[in-house]
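Copied over from TrEMBL:
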type	residues	note
DOMAIN	17-246	domain 'Nmd3 N-terminal'
DOMAIN	249-295	domain '60S ribosomal export protein NMD3 SH3'
DOMAIN	313-406	domain '60S ribosomal export protein NMD3 OB-fold'
Amino acid sequence: MEYMPESAERTPGHILCCECGVVISPNPANICVACLRSKVDISQGIPKQVSVSFCKQCQRYFQPPGTWIQCALESRELLALCLKKIKAPLSKVRLVDAGFVWTEPHSKRLKVKLTVQKEVMNGAILQQVFVVDYVVQPQMCGDCHRVEAKDFWKAVVQVRQKTLHKKTFYYLEQLILKYGMHQNTLRIKEIHDGLDFYYSSKQHAQKMVEFLQSTVPCRYKASQRLISQDIHSNTYNYKSTFSMEIVPICKDNVVCLSPKLAQSLGNMNQICVCIRVTSAIHLIDPNTLQVADIDGSTFWSHPFNSLCHPKQLEEFIVMECSIVRDLKRKAGAGMISKKHTLGEVWVQKTSEMDTDKQYFCRTHLGHLLNPGDLVLGFDLANCNVNDEHVNKMNSDRVPDVVLIKKSYDRTKRQRRRNWKLKELAREKENMDTDDERQYQDFLEDLEEDEAIRKNVNIYRDSTIPVESETDDEGAPRISLAEMLEDLHISQDATGEEGASMMTS
């Protein structure tokens with residue numbers, strides 16, 4: 001017997017390709033790879049060019065059947081979206097690898113390199129690499145389409161306040177800007193006694209309602225109107241309306257509480273001054289410095305109104321002022337304000353300087369007033385007050401004058417104001433000429449009240465030179481430490497919708 005080396009025994013035999021005659025290793029098809037690829041194309045049926053819808057406004061891609069998703073270029077999310085576009089043809093082969101081929105970002109093309117395998121003739125497995133070209137086609141999504149239409153809305157939040165001053169609305173506007181609650185609105189419309197916020201979905205409107213309930217004392221009613229219905233699929237299309245009513249009390253209003261409410265607040269006097277309105281109504285008794293907070297539910301249970309119109313504020317000059325050191329408190333009295341000082345003052349109207357008529361009153365502004373200062377207040381002695389609680393009060397308990405705040409030169413304050421606020425971009429109609437004066441009142445309130453200022457984003461105005469924090473008259477000013485630098489962010493970074501909703 002002839003001896004055969006071990007290596008020769010293990011060497012596989014070779015055969016000739018039945019098509020081209022090339023020596024190849026044996027395989028189930030007995031055909032070389034080149035001939036096999038020329039005869040069989042395993043990528044057949046897989047489209048080499050596919051279209052993808054992209055919304056330029058919100059930078060989202062369309063994922064059938066009806067969702068829009070945000071994907072970065074060459075991300076895993078975008079690769080998954082591209083593969084789903086050819087999911088049915090890919091099910092006939094085995095996907096081994098997939099990855100992006102680099103393309104110019106502005107070319108409106110996405111290229112995906114695929115590696116697939118498939119069993120062909122007599123069990124032979126063939127692997128093939130090819131590129132699928134995706135054409136990015138612009139298409140506006142439904143949400144952006146509603147934004148551009150400006151009249152197509154699914155829900156509206158109507159915010160109303162039955163008062164003559166808009167201080168609460170100016171404060172509410174700053175809160176909305178600070179927390180970005182305006183970003184989902186289709187449009188904002190300002191009318192005479194309130195604001196309307198339009199939304200593309202009921203969920204966004206409900207979120208706004210919850211925000212308002214947590215920031216200002218209010219109540220609301222919800223209603224909906226049927227637009228269309230499909231009885232076969234049992235689907236209904238509604239338009240929802242949320243009517244929000246803010247309490248009709250603003251800062252610096254003089255109010256008269258009901259006897260029952262005044263007693264429940266620590267036996268405070270019925271005549272009080274509203275020092276601020278945030279998530280509750282903050283009242284102070286000018287005779288005792290007693291303070292109380294009234295939330296929305298308490299107000300609607302025991303409602304009260306403002307006694308005087310803001311235009312009825314009169315200017316007085318302080319003739320004499322003395323601080324009340326020892327005050328006898330009643331049994332069960334509530335909390336006393338530490339930020340105010342009780343004072344007894346004699347004042348005279350600036351319009352009655354040719355007479356000797358003076359008024360005596362107690363005030364919570366004892367820490368601010370000196371003889372010769374000007375102060376604004378309400379003359380209740382010569383005012384026709386039509387209020388059910390005041391009419392039932394003993395006349396001795398009703399003060400002649402209620403002082404509200406110290407008066408400064410408004411022109412100087414405006415000239416030295418080195419800060420500014422941002423405003424909501426909104427539609428206005430039938431606006432009152434008194435709006436500018438009311439807005440200046442709100443700006444002065446921000447300078448005088450630190451508690452309100454903490455909830456507002458205040459931006460430095462670089463066009464006004466920096467001066468000392470108090471002027472010659474001692475008018476309060478906002479420190480530089482409380483101001484933010486006004487950043488001008490480009491439209492590409494924020495998106496067109498977010499940038500257009502806010503103006504300086």
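Here, residue 1 is simply the first one shown, and the rest follow in order.
Just so it is clear, glycine is given a Cβ too, placed from its N, Cα and C backbone atoms.
On the 0 to 100 pLDDT scale, the model's mean across the domain '60S ribosomal export protein NMD3 OB-fold' (313-406) is 87. Secondary structure of the domain '60S ribosomal export protein NMD3 OB-fold' (313-406) per DSSP, as helix, strand and coil residue counts: 11 helix, 37 strand, 46 coil. In terms of DSSP secondary structure, the domain '60S ribosomal export protein NMD3 SH3' (249-295) contains 6 helix, 19 strand, 22 coil.
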